[in-house]
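Peer 1: If you look up TrEMBL, you'll see B:C7, B:C10, B:C45, B:C46 marked as Zn(2+) binding site.
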Amino acid sequence: MAEDFEVEFIEREDRKARFLVRGMTPAVANGIRRAMVADVPTFSVDTVRFVENSSVMFDEMIGLRLGLVPLTTPLDDFEEGDVVTLALDVEGPATAYSGDIESSDELVQPAELNVPIIELKEGQRLQLEADAVLGSGKAHAKHQGGVAVGYRHLHRVEVVGDANEFEEQEPNILRGVIEEAAAEHAADESAEDGALVPTSEFDNDLTKRYPGKDVEVHDVPGAFVFHVETDGSFTVEELVRRAVESISDRAAELEEKVAI
Amino acid sequence: MMIPVRCFTCGNVVGEHWDEFKSRAREGDEDPAAVLDELGVERHCCRRMMVAHKDLVDVVAPYQ
Amino acid sequence: MELRVIDKTDEELRLEIAGEDHTFMNVIKGALLETSGVAAATYDVNPEQSGGQTDPILSVKTEPGTDPLDALADASRRVQDLSTNFTSAFEAAL
């Protein structure tokens, strides 16, 4: 298991990425996935003190909405349990947006400025003070930094023969990423053996990629395609790095305690 | 009442796109599917949050 | 992470690792199975609703001549090496 990994990005943005990892066991892949969801902490509003709330929503409902607003979390500067105070004061007629939230710490700001919290009518007012706590997804889903984190095996598609030419071909749906193994049969002329092709390039339909052919799909052993999105608290790279680090830290702790 | 901040199913933040979606696809006459594609709301779990939403603040406000 | 040894012989170990869940236990189990001298390794977690034991219990059986605690230390080392390898491979791909 301690062999070398090979990582290759298929798609990469700040908040969304897809990458292929080779040489990994399912146990490790799942460990990293779970750590990304539940063990990497993010800031999230936890306690709210209402000064005035004459809006149409109850305090609790506003509290819930505030909790779900992602806050930027520079993990180098904080540790779990740290608290940052936020304030919000909006008078109607207006809509209170997440961008109106004022933070006592420059590093912890709403990651999204355009989320409506509550629409206020004439004479209504929302004034509150909130404590954002750095907690992990294990305690509450609002602390999850990763959104829709998952992985699939890398697929290898083999052309095994010709389809029955007198029959209409049924769609053969496959999602994920394929490793091109039959470039000469592909509809796309620039196809090359060994290239990684997201199935969305051919409408997730193998009959469009290999028209008139019978195909077999195999999983490539030890090759996982991760799909990672974050809620804006940090970048995808940060999330992956922290998740792996959290597993490593626990292994180090175990090694140390076993030695005694 | 108000657009949910996040998608119920996957946890993606969808609230931020509501104002634009509303003005273009509800009040405007653009195709909702095209607007959602452009906003980057890809998954159908997130898309239904927008498509199936109804603002109710105006309805509730008189009874405060 | 709190450890409690439940059973320990020369070739067998049952260890409670409090505060951990499948995330780490499955990784360490996988690493143990790939460690030389380990004959069998598994872990068991009961769901919270079961009302009884809920912290995971790791069971390790080794071949003669290997202390299960040493094997566990090796496996932990292995997980750390693997994390380092992954991080450097990941960073190289950025």
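Keep in mind that glycine also has a Cβ here, set from the backbone N, Cα and C atoms.
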Peer 1: Starting from the Cβ of B:C45 (Zn(2+) binding site), draw a 10 Å sphere and report how many other Cβ atoms land inside it.
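Peer 2: 16, counting other Cβ atoms within 10 Å of B:C45 (Zn(2+) binding site).
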Peer 1: Measure from each Cβ of the binding-site residues B:C10, B:C45, B:C46 to the Cβ atoms of chain A, and list in sequence order the residues where some distance is under 8 Å, or 'none'.
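Peer 2: It is B:C10, listed by sequence.
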Peer 1: How many other Cβ atoms sit within 10 Å of the Cβ of B:C46 (Zn(2+) binding site)?
Peer 2: 25
Peer 1: Taking the binding-site residues one at a time (B:C7, B:C10), which has its Cβ surrounded by the most other Cβ atoms within 10 Å?
Peer 2: B:C7
